[in-house]
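Visitor: Just passing along the structure, written as structure tokens.
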Amino acid sequence: MIDNLLLGFSTALTPENLLWCFVGVLAGTIIGLLPGLGSTTGVAVLLPLTLAFEPVTALIMLAGIYYGAQYGGTITSVLISTPGEASSVVTTLDGYQMARKGRAGAALAIAAIGSFVAAIFSLIVLMAIAPPFAQFALKFGPIENLAIMILGLATIVSFSGDSKLRGFAMAVLGLLLATVGLDAATGTARFTGDNVNLFSGIPFVEVMIGLFAVGEVMYQLRIGAAEPIRARFRDLVITKSELRRSVGPIGRGSVIGFLLGCLPGAGSTLASFIAYGVEKRVSPHKDEFGKGAIEGVAAPESANNAAANANFVPTLTLGIPGGGTTAVLLGAFTIYGLQPGPLLFESQPDLVWGLLVSFFIGNVMLLVLNLPLAPLFAQMLRIPYVYLYPLILFTSFVGAYSIDNNMFSVWVVFFSGVAGYLMKLYGLPMAPLVLGLVIGPLFEKALTQTSALGDGNLLVIFTRPIAVVVLALAVLLAAGPSLASRLRRRRLPTA
Amino acid sequence: MSHLTSLRRSGEAMLYAAIALLGLVAAVVGSGYGMFGEGGRIGPGFLPVVAGALTAALCASVAVGVVRRAAHGEPEPSIEPVPDIDSTGRSEKQRVLNLWVVFGLTLVALLLVQVVGFLAAFGLLVLVISAVVEKQNVVKSLVITTAALAVVYLLFGLFLGVPLPGGMLGLGTEA
């Protein structure tokens, strides 16, 4: 282990690798700041630039773009309620509310600290137990994945507060919208109206931009609350009490993120939602959630960053991409003539350990870069809203266009913006809708495969121990609190 | 209760009812895709039918709850209270008008993309909103618009190579 680490440091600490790691982190942060452009697009777009590099240097830079973009997306989630990726959606709930109260700097700082701690934690675990953990993750077949997604949906119900029914309704609506497009198993076109743009489904990044960014602008115009935020510079710095409150959420978020991040698919998004749900359940400041609780930023940000690193467990050890960005990175490995899988650790130790150590260095760079910059980024909110909101509209539409280079994406943003405005005005919860839309295709795939494994009998799910444990957790999370309070009420008259 | 709050409450009930109807229609249409396939395995219509029916049932239940609470004069937990006059002195009527104007201008900008190109259409949108709708200083608005166009051109057009449509004027970044 120590020898491997030393080998990794000697590879990652060359001036050339340090420079490109920094360039990757910086470029990633900038890309993450642009609405619609997440880490997957960033890595895909900049991949050709790295073809002339040594493989290890290229991968270090691309990995830097990956986690840099994650943080860049957080900045826009907090400042203008525009999540860069689905995994940052839940950060907007409390991060944006903190920003509206003049605490944007603190929200960004805790996101940077939480992301850093989670990254370091997940790296240590990744270095120590990646191969055996990957073998364990292999036990997660379609049935277990289905159970995990049900757990994710149950989390939504649990954190919808007074509006559990509304949250559940919106999550199911999200699942329904996710069925638009060609059915993966049979190729049947569903709800497409013969529009080819809809064959691959409703594009969720565009929906996210519309719901959160455009919808928020319209809502602010309607309620007239959009004043510039006049926070003093010292108000933008995180306080000791906020740091203390964030320790637990960062720890729990890191563990949840790592565990779910090892699973291929929507690991990061589910992890951030579940971490938020768990925090809302255990926090002594439950009432502040949704109104600007620092735990509501610390937990999901730690979770999605831990998950982003954990995505590398199946990628490096099994050659199975953990998410969209690691799928592109897997492609990069192949371009450089490398074959990810169990033998990679043996055949290319300098590359693997150099890459893993570069994550550590990159995350230090990200923290050093972003912690002092957090209050400065937050100063952006001092721009009068009358100038800011046309710019938000402009960047949202141009960001949407750049995803697929077509006007269909732009129109999706426009109509989702109208839907987002109506949802905000009438108090319909948006985060569950997005989660339903994001996990919908994976949920249906797991459901179809489970049905096939059980020869049409979905109860086969109860024959798998891991799935049963996860389902029991889901039931506890969704129904536990109301059952407990009902029991308490029943006991009271007899007491 | 303010006029706006009462309007929003009935709007909320109507919105949930509309989504319930959408769910119902989706369930009916979805049943045409085939609920079950070979050997009783689920087919392409299974999730649309189940999710559609659940959406319809849940949203109808929420809508009924909203109407029932309104009839009993109980407060609605999901609706944030809004003042009739905002901090800048704008009345509800002015705010609604402002919203419709911005909504219309955005729609016009989207339609103009094919004619004048993406950058020109959205440059005009930013300028018109800040200088005309929000009545801000014209020079300041021009400076902000130019800076925004330059940043978008550099980042999206040059750095990321996004082929922004130039319209009939050819003012885009298409090759």
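Any Cβ shown, glycine's included, is placed from N, Cα and C.
Relevant sequence annotations retrieved from TrEMBL are reproduced here:
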DOMAIN    A:18-435  domain 'DUF112'
TRANSMEM  A:18-37  transmembrane segment
TRANSMEM  A:43-67  transmembrane segment
TRANSMEM  A:106-130  transmembrane segment
TRANSMEM  A:142-161  transmembrane segment
TRANSMEM  A:168-186  transmembrane segment
TRANSMEM  A:198-219  transmembrane segment
TRANSMEM  A:255-278  transmembrane segment
TRANSMEM  A:318-339  transmembrane segment
TRANSMEM  A:351-373  transmembrane segment
TRANSMEM  A:385-403  transmembrane segment
TRANSMEM  A:410-439  transmembrane segment
TRANSMEM  A:459-480  transmembrane segment
Visitor: When you look at the transmembrane segment (A:385-403) alongside the transmembrane segment (A:410-439), do they share 3+ Cβ pairs under 8 Å, ignoring any pair fewer than 6 residues apart in sequence?
Guide: yes
Visitor: With the transmembrane segment (A:351-373) as the reference, which stretch in A:18-37, A:43-67, A:318-339 has the largest tally of C-beta pairs below 8 Å?
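Guide: Top-ranked stretch among A:18-37, A:43-67, A:318-339: A:43-67.
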Visitor: Determine which residues of the chain contact the transmembrane segment (A:168-186) at the Cβ level, with the cut-off under 8 Å and only residues 6 or more beyond its ends counted.
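Guide: For the transmembrane segment (A:168-186), the nonlocal Cβ contacts are 153, 156-157, 160, 192, 198-202, 428-430, 432-441, 443-445, 448.
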Visitor: Should anything in the same chain at least six residues away from the transmembrane segment (A:106-130) have a Cβ under 8 Å from its Cβ atoms, list it; otherwise answer none.
Guide: 1, 4-5, 67, 70-71, 74-75, 78-79, 91, 94-95, 98-99, 236-239, 242-243, 246, 249-250, 253-255, 257-258, 261, 294, 297-299, 301-303, 305-310, 312-313, 316-317, 345, 356, 359-360, 363-364, 366-367, 370-371, 374-375, 377-378
Visitor: Give the nonlocal contacts of the transmembrane segment (A:198-219) in its own chain as ranges (CB under 8 Å, at least six residues past its ends).
Guide: 35-36, 38, 80-83, 85-86, 89, 92, 96, 177-178, 180-182, 189, 191-192, 389, 392-393, 396, 399-400, 403-404, 409, 412-421, 423-425, 430, 433-434, 437-438, 441
